[in-house]
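Below is one structure, written out as structure tokens; comments come after it.
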Amino acid sequence: MSKQILILAGDGIGPEIVGAAEQVLTKVNEKFELGLTWEHGLLGGSAIDAHGEPYPAVTSEQAKKADAILLGAVGGPKWDTIERSIRPERGLLKIRSELNLFANLRPALLYPQLADASSLKPEIVAGLDILIVRELTGGIYFGQPRGIRELENGEKQGYNTDVYSESEIKRIAKVAFELAALRGSKVCSVDKANVLEVTELWKQTVTELQQAQYPNIQLSHMYVDNAAMQLVRAPKQFDVIVTGNLFGDILSDEAAMLTGSIGMLPSASLDENGKGMYEPCHGSAPDIAGQNVANPLATILSVAMMLRYTFREEAAAKAIEDAVGQVLDQGLRTADIMSEGMQRVGTVEMGQAVVAALA
């Protein structure tokens, strides 16, 4: 198979964290003789500066050719005042939509070395390992009609449309069930079926699919408000959570903080054939850009997810995850996960330490 990667560093801390991750990618590519090749492109603010738009045609062509994309982060205050339709975040929505990256996988995994970094008591989060499967190309973020209009009385009104078809729900539920079969065989589908018809259909469709094709997977349903509470109250009850775009966006960020730092969490966005875009869960953090303080581990772990889900190189993926564990065992910490008695290091040093652990 082709093994072509497109690297999009993006904005803010993107170039720094991607730089560290690229060193790790180079190391595993050599060590495991993976035969991967890659090129660089522009997305978001950097693309606006160079081409006047967040997702230019040249990047689109590169993305279509690639088997996997490694992204840093997009956005920053520099572009907050330009027209909404060409802001950096629009580039991210466009690439997801164009490549049909409908399945977003967000693990919330607590490294034992970082148990004290969580805001919850250690006994509540110890051993935490949740996978949130979020539908990424439908729902209220993409539904039409949408906009801001003026009513007859002169008052402005904002409106959006939350819409899901049966086929969209089925394909994301299928991903969740397939992944659950490799884990704890437990899926919790999150909806608001008591109020929203769109999630009433969601609940019904997920249930029918489970009964027809995945009878060995334990399925439960939870309203989103309760799910948000349960994630804080007793997070270890969850294994795989599947939900729509809006709910998934919110719950995955909440779950991220159970682990102590969003700087530790990778994500994958996949199409139906395993092509994917891999990126850290955190944003572009322009306030710390260029200071060599950002945590590159989420981006490095995104490389591990890429090797696992797109290239099916499990040994190489596991080697990266083990190397991250070794570095944490050595007491190395970036500022966001720093605790008493540990050694504070910068972005570059953390990346180099992971490379050394892979030797």
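Just so you know, glycine gets a Cβ as well, placed from its N, Cα and C.
Note that the coordinates shown come from a computational prediction; the quantities given were computed from them, not determined experimentally.
As annotated by Swiss-Prot, NAD(+) binding site applies to 76-89, 283-295. Listed in sequence order, the residues of the same chain lying 6 or more apart from ALA289 (NAD(+) binding site) and placing their CB within less than 8 Å of its CB are ASP11, GLY12, ILE13, GLU16, GLY76. Under the DSSP three-state reduction, ALA289 (NAD(+) binding site) is assigned to coil, being neither helix nor strand.
The substrate binding site annotation in Swiss-Prot covers ARG96, ARG106, ARG134, ASP225 and is backed by sequence analysis. In three-state terms derived from DSSP, ARG106 (substrate binding site) belongs to an extended strand segment. For ARG106 (substrate binding site), the same-chain residues 6+ apart in sequence whose C-beta sits under 8 angstroms from its C-beta are LEU131, ILE132, ARG134, GLY248, SER252, ALA255, ALA256, LEU265, SER267, CYS281.
Per Swiss-Prot, Mg(2+) binding site is recorded for ASP225, ASP249, ASP253. Annotation for ASP253 (Mg(2+) binding site): same-chain Cβ neighbours under 8 Å, separated by at least 6 residues, are ILE262, CYS281. Annotation note: ASP253 (Mg(2+) binding site) sits in a helical segment as assigned by DSSP.
Positions annotated as site 'Important for catalysis' by Swiss-Prot, on the basis of sequence analysis: TYR141 (among others). When secondary structure is read from DSSP and collapsed to three states, TYR141 (site 'Important for catalysis') falls in the helix class. Sequence-distant contacts of TYR141 (site 'Important for catalysis'), defined as residues of its own chain at least six apart whose C-beta falls under 8 angstroms from its C-beta, comprise LEU93, ASN245, LEU246.
The site 'Important for catalysis' annotation in Swiss-Prot covers LYS192 (among others) and rests on sequence analysis. Listed in sequence order, the residues of the same chain lying 6 or more apart from LYS192 (site 'Important for catalysis') and placing their CB within less than 8 Å of its CB are THR199, TYR223, VAL224, ASP225, PHE247.
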ASP249 (Mg(2+) binding site), number of other Cβ atoms within 10 Å: 18
Just to verify: the residue among ARG84, ARG96, ARG134 with the fewest other Cβ atoms within 10 Å, which of the binding-site residues is it? ARG84
Does ALA285 (NAD(+) binding site) have same-chain partners at least 6 apart in sequence with Cβ under 8 Å from its own Cβ, and which are they? GLY12, ILE13, ALA73, ALA294
List the same-chain residues at least 6 positions away in sequence whose Cβ sits under 8 Å from the Cβ of VAL293 (NAD(+) binding site), in sequence order, or say none. THR334, ALA335, GLY346, THR347
So which other residues, same chain and not among ASP225, ASP249, ASP253, have a Cβ within 8 Å of the centroid of the Cβ atoms at the Mg(2+) site? VAL224, ALA228, LEU246, PHE247, GLY248, ILE250, LEU251, SER252, GLU254
Sort out the sequence-distant neighbours of PRO88 (NAD(+) binding site) for me: same chain, 6+ apart, CB within less than 8 Å of its CB, listed by position. GLY10, ASP11, LEU43, GLY44, GLY45, ALA47, ILE48, PRO54, VAL74, GLY75, GLY76, TRP79
